[in-house]
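Read through the structure below, which is laid out as structure tokens, and then see the notes.
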Amino acid sequence: MPTIGVLALQGDVREHVRMLQEAGASAMSVRRPAELEAVDGLVIPGGESTTMWKLAETFDLLEPLQLRVKDGMPAYGSCAGMIMLADRIEDGAEGQRTVGGIDMVVRRNAFGRQVDSFEADLDFAGEPVHAVFIRAPWVESVGPDVHVLGRAEPGDRIVAVRQGPLLATSFHPELTGDTRVHRYFVDMLREL
Ligand code: GLN
């Protein structure tokens, strides 16, 4: 059984832990470099990506995160976590850094300018999911190795992607009772 960490700098840490356990993984929160070393994969929750970036630097986690992702650790980022996994961001704060790993441009607060938060039924990797968006980013563009797993209105925007061991969604599956996205991530770890 893989052990999956949930980055516990801010966000829905407990909800992600519960969803991962329901999906068949063992899960623990990660706040220190030694804890990051102990996990087989990592969930980066939503929250506020500028805060998460600053906290990651304060806790000496940004470089270890970058190294583990570069080294092939599977990771799943939701909302602000998606921003953290993006190689490039639009509308970021001055100097904002990310962990990176997915060859994509993510626009922060993109839906937020139109609708602050909303819910939608959409297709995720061929399965129906109910998605909750909160001041969500969208994916502006992707490189050739990135698979688009889901899109949402308004605008048929890209809201779920995968590149190798990295998964990201603009929405928050931990806020629904639906464990499908977490299951998809746990299955990814088993296959890798
Ligand atoms: N708007 C937030 C950011 O820029 C993301 C919102 C969320 O994670 N719910 O980080």
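Backbone N, Cα and C atoms are what each Cβ position is placed from, and that goes for glycine too.
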Identity of the L-glutamine-site residue among R31, R68, R108, R157 (reference: G47, E48, S49, I134, R135, source: TrEMBL): R108
Work through the active-site residues one by one (C79, H172, E174) and name whichever has its CA nearest to the CA of R135 (L-glutamine binding site). C79
Reported as an integer number of Å, what is the Cα distance between C79 (active site, nucleophile) and E174 (active site, charge relay system)? 11
What whole-number Å value do you get for the CA-CA distance of S49 (L-glutamine binding site) and H172 (active site, charge relay system)? 14
Round to a whole number and give the Cα-to-Cα distance in Å for the pair I134 (L-glutamine binding site) and H172 (active site, charge relay system). 8
